[in-house]
Amino acid sequence: MDILVCIKRVPDISGQITLDDSGTDIDDSGLGHTTSAHEECAVELAIQTAAATGGKVTVLTLGPAEAVEQLRAAVAVGAHDGILIEAEDPSVFAPEDIAQIIGDVIRDLAEQGQGFDLVLLGNDAADTGDFQVGIRLAYDLGYPVLTGVQALNATGGAGGGSGSSGGSTGASEAGALEARGIGPAGTEIFSLDLPAVIAVQEGGVDPRYPSITGRMKAKRARIAEYVAPEPGTGNPRLGLELPPETASAVTVLGEGPDAAGSLVDVLEEIGVIRS
Amino acid sequence: MTLVFVETDETGQVALTSAEAVTFARTNAAALARMAGSPSEQPSGASATSGGVAQRPEGSSEEGLGVDVAVIGALTDAAGEQLASLGVGRIHHFESADLEAYSAPAWAQALVEIAPETGTVLASGTPRGMELMAHVAVRTGERIAANVVAADDEGLLRQVLGGAAFERLNLDGDLQVLTIAGHACTPEETTPTSPEVLTHSPEVAAEDLRTRVVRTEVEAADDTSGLTQARAVVGAGRGVGSQDGFDEVLELVDHLGGALGVSRVVTGLGWRPHAEQVGQTGSRITPDVYIACGISGAIQHMAGIEGAKTLIAINTDEESTMVQRADYAIIGDLHEVVGAVNEEIRNRRG
């Protein structure tokens, strides 16, 4: 099964953040960058699924030239190659624009004979939290779509979608998947035909660390390049705001075990100690 | 007029997050109506089998009549009473054999049958609410504002970066499609209404059933309800030290009759299952008290505990974010402190 995983370069916000001069974006000049947590799991799920079915994994991102780092990081843990859709400032795109651009690239690759049986994304990006690029992409491609998926099990066919059979995107028409995700009442199991789009939720698999050979492979990996078109619908963002800073109102009950009694007093006052 | 998709739990009660969304819609009715470009008004209910404009119940608030709700599947008397106490105008109840098992496209299409008659359609920012609103947005050709926390004369304000920042935006379509961030408001009862129940039995296209739930398996490991409903949650982070270092923390959980919640690093290290993870990509909790043991307070974790009423930190670093954000703190090693707290509780019990 040949799988495309769409990932996003996001700022690593472990500390205090500030806005840039325009007030419409954060100042990420002093921040590191990473891949969204759900997408790290999507990459791992793709690697496992492709390995089990004899396929390959391609990672794709839309972002600045530096986003090639996230593509090579995915190759270092087991993806085979990457696609960079270069956009100097991806924040000018709305989710519907991004879905359309990715859909266009998938169709272009299909015409070149590189089809995908399955497209994986993260449930939502760590920065924008929109939860919709995958769904919009599925509608654009005419594929079924699931979100919140944590485990996959190929149940038939789809031994590799490299444009071997018809379909508008060149993907293999044969094959089916069982997908599992957490619903309100427990684990929900879905069965769906390929090709399909699936948005992955963290929790089902643990992303692996890159090996030394993986890092070496990543340096040599083929990264196909596209250039993003001008924004279509544009981003409806008017600006960003930071929460007001509030002075700490902490009451320090003490240091070490000697403060235990004070803490139990607080818990008794709240009324949460079981009798 | 705003249409709110309402989720019910396994007992037939309105989910807390949906009660929040209904309250948000009611208390922000005027702003939402202005942004939708129309006065607050009722839809015609053209697809309803028992349509017609609802009579305003005696004693009901005019504000409350600006909110209709959609329920798919079972509608219990208890849920109906809850929705009346939350001040809804009408209940659109969707009943169809094709909608019994969850399928996002089919459920979204049911909402689309009535959503265009409203100015705004919204759901709580749960995974299901997010998924459905995204499908509704695509099917109606609209944009979506996810994780909204406020609506006022300046537009919508929504959480981004896991709640570390807010984005101001305006939706310019014919229908506003929103999801409401968890804990953006507290559910508030109001003057009870007598909502008319309109029953809909939509026909479902086969294509919209391609992703229907085949079956649901209930396993203890999946269950996050204990975490999200607990009055007391004891959080544990990297400071626990190892997979075998949870004994004191778990004893405290037992003393409080609460639940264990862990940081992402703990699940990443494989010490505890993901179902116990609290934060941006885990559960968002609303306990009366959250005791953070050995958790520094990364933004992603803070996003999951912002609904806690009282925050207590046990940490060796008094400058850590968790201590600075806490209501109460003890500076020290969590094993020593939690062990002493457990002993104190045992002693007081005699």
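Positions of Cβ are set from backbone N, Cα and C atoms, glycine also.
Annotated in TrEMBL:
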type: BINDING; residues: B:R238, B:263-264, B:277-281, B:294-301, B:N315; note: FAD binding site
type: COMPBIAS; residues: B:39-52; note: compositional bias 'Polar residues'
type: DOMAIN; residues: B:2-213; note: domain 'Electron transfer flavoprotein alpha/beta-subunit N-terminal'
type: REGION; residues: B:34-62; note: region 'Disordered'
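The 10 Å shell around the Cβ of B:A298 (FAD binding site) contains 20 further Cβ atoms across the protein chains shown. Its Cβ taken as reference, B:Q280 (FAD binding site) is surrounded by 26 other Cβ atoms within 10 Å in the chains shown. In the predicted model, the domain 'Electron transfer flavoprotein alpha/beta-subunit N-terminal' (B:2-213) shows an average pLDDT of 86. For B:H301 (FAD binding site), the Cβ neighbour count at a 10 Å cut-off comes to 26, with all displayed protein chains included. The binding-site residues in question are B:Q277, B:I295, and the one with the fewest Cβ neighbours inside 10 Å is B:Q277. When the C-beta distance to chain A is held to under 8 angstroms, the binding-site residues B:R238, B:Q280, B:A298 reduce to B:Q280, B:A298, listed in sequence order. In sequence order, B:S263, B:V265, B:V266, B:L269, B:G294, B:I295, B:S296 make up the list of same-chain residues 6 or more apart from B:R238 (FAD binding site) whose Cβ falls under 8 Å from its Cβ.
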